[in-house]
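S.K.: Dropping the structure in here first, questions after.
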C-alpha cells in the first residue's frame, strides 16, 4: 500500500497532475540568461554568481548575477 502511494505521488510530481500537461518537469530545459535578468560574462570571471539552468548565446560565457 505504501509503495503504491509513493509511486502515485512520484507520478503526480513528475507529470504535474492537474495542470493538463503530460510533459515532465525536467524536460523544460534551460532558460535564456535574460529570462532571470542575468548578465552573460566570461567563464573566467571570478565575481560571477552563476545562475543555474540558464544559457548564453556565446558558449564561452555563463549567466551571472551581481
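Backbone N, Cα and C define each Cβ position, glycine as well.
Feature table excerpt (Swiss-Prot):
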DISULFID  33-63  disulfide bond
DISULFID  40-56  disulfide bond
DISULFID  48-64  disulfide bond
SIGNAL    1-22  signal peptide
S.K.: Tally every other Cβ atom lying within 10 Å of the Cβ atom of residue 48 (disulfide bond).
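M.R.: The Cβ of residue 48 (disulfide bond) has 19 Cβ neighbours within 10 Å.
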S.K.: When you measure from the Cβ of residue 63 (disulfide bond), which residues in the chain that are at least 6 apart have a Cβ under 8 Å away?
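M.R.: Long-range Cβ contacts: 33, 36, 38, 39, 40, 50, 51, 54, 55, 56.
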S.K.: If you draw a 10 Å sphere around the Cβ of residue 64 (disulfide bond), how many other Cβ atoms fall inside it, taking every protein chain shown into account?
M.R.: 20
S.K.: For residue 40 (disulfide bond), what is the tally of other C-beta atoms lying within 10 angstroms of its C-beta?
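M.R.: The answer is 18.
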S.K.: Please report the number of other Cβ atoms within 10 Å of the Cβ of residue 33 (disulfide bond).
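M.R.: Other Cβ atoms within 10 Å of residue 33 (disulfide bond): 21.
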S.K.: Specify the count of other C-beta atoms within 10 Å of the C-beta of residue 56 (disulfide bond).
M.R.: 19
